[in-house]
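Asks: This is the structure, below, for whatever I ask next.
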Amino acid sequence: MDLKKEILKRRTFAVISHPDAGKTTLTEKLLLFGGAIHVAGAVKSNKIKKTATSDWMEIEKQRGISVATSVMGFDYNDYKINILDTPGHQDFAEDTFRTLTAVDSVIVVVDVAKGVETQTRRLMEVCRMRNTPVMVFVNKLDREGKDPFEILDELEEELQINVRPLSWPIDMGDRFRGVYNIYRNSLDLYKPSKQVVTESVHHDIESPELEEHISADLAGKLRGEVELITEVYPEFNRDEYLAGKLAPVFFGSALNNFGVKELLDCFVEIAPSPRKIEAVERVVEPLEEDFTGFIFKIHANMDPNHRSRLAFVKVCSGKFERNVNYKHVRFNRMMKFSSPTAFMAQKKEILDEAYAGDIVGLPDTGNFKIGDTLTSGEELHFKGLPSFSPEMFKYIENADPLKSKQLQKGVEQLMDEGVAQLFTNQFNGRKIIGTVGQLQFEVIEYRLLHEYGAQCRWQPIQLYKACWIESDDKEQLDDFKKRKYQYMAKDKQGRDVFLAESNYILMMAQQDFKNIRFHFSSEY
Ligand code: GDP
């Protein structure tokens, strides 16, 4: 009973957005409502500033901030909220994708002036793959922006999801008067001041008292628009939202703390408690007695003097307890943890127990890889998230002959952490590192030197994509591999990968070898 109650009150989610849309600001306001922080400005953006791209030390410092804020847990009303932060810099997009495997829903922040931007689109693709429930917050209504109907169309089109406004803005920019909260049937008036307290008056949209608060013109326009919404958009249906097919939309201004509490109040009511998760062997239900969980993130270098890492576990079912033996499935070994960390507010503290939905930090010296499963004893494998074909490739070579072992170990561990992807060319045995952005190469080089005492050298390689290939036609597959032997590689799991030099070569290969499937992610 206790277990069920604990689990059902958990809401574990991520706030995602294109940089600058207002993710940090919104997160901070959510924390303020949760009493997790008391002053604005306490949450540092973990954005890696553009100017820092060539200054790895600076990035490291900034990443230090992101560790502190990587998971923020707090209690709100009867709910336990866990917000998972995601790195804003697109070179760390893989990190963000993996974080999305650990959440049960997301809130997408969109800038009313800019609409849907590239990063939002990419992140939503990942949400769609997993049918993650999505709620949208259209931000910065205190500024001029696009017409709200236009924003809705854009959301539907660009994010390929149905939308349903649950609040509606009354004008915007300097004339912004507030929103009509369709979900609660209330008029929420915006008072532009730093100490924003929303004045919320419960009025049916038809009530003539609306005109006591806003001009007759605005009231008329509002009624017309809300009527249009009712005609155009079907009733909000929670099941569709939970299935990831329908996104409720809210409007507001995070900076002015307007519309945020309304978002949060609706969110805790309708957002899912921990969802069931498909493992290779079976579907795991969060309310099962036995603990299961998986590692979705490894954060290294918390303390530069030690090679210390923190493995982040998403508890998928049951209850996790300190000093209890759990099975590390890949090692087939029981392990217990004496100092697991909880993330409450912005502090880390030792926890005694955690429930499905929670994130637990386990100090690690190299036992864990992204995707590892922990259980109470069951042989179970969570699928995690596939790797995607990297965007950039380089050969990695040893620059210090006396340190080849260190280099090998370092590369192996960094890949286990998911810093980048390693492919081994089957023809010449050379190792190729694939990344999303240039920054990752710098991270690898720096960390190999400072954590492993190894030196690497990069050699250019002209590649367009890495594709995982498979076929039921063994003959054709063998023929392909023979013909393309110079371009065949294995990924870390030993799967076959075709390294395509150009889009043209890839297209030709797809045309000539019709029985082979070319995949751009490692899960198929
Ligand atoms: P992030 O990159 O998505 O985390 O964005 P931030 O939260 O750091 O916000 C980016 C910029 O937009 C900052 O300068 C914020 O002060 C500003 N901002 C955030 N919310 C609002 C808002 O509601 N209105 C206005 N005018 N500016 C906002």
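Note that Cβ sites are derived from N, Cα and C of the backbone, with glycine treated the same way.
Pulled these from TrEMBL:
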DOMAIN    8-275  domain 'Tr-type G'
BINDING   17-24, 85-89, 139-142  GTP binding site
Asks: Could you find out if DSSP has Lys23 (GTP binding site) as helix, strand or coil?
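Replies: The residue in question, Lys23 (GTP binding site), is helix (DSSP, three-state).
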Asks: Indicate the candidate from Ser17, Asp20, Lys23, Thr86, Leu141 with the smallest number of other Cβ atoms within 10 Å of its Cβ, considering only these binding-site residues.
Replies: Asp20
Asks: Average pLDDT across the domain 'Tr-type G' (8-275)?
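Replies: When the pLDDT values over the domain 'Tr-type G' (8-275) are averaged, the result is 85.
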Asks: Please report the three-state DSSP label of Leu141 (GTP binding site).
Replies: coil
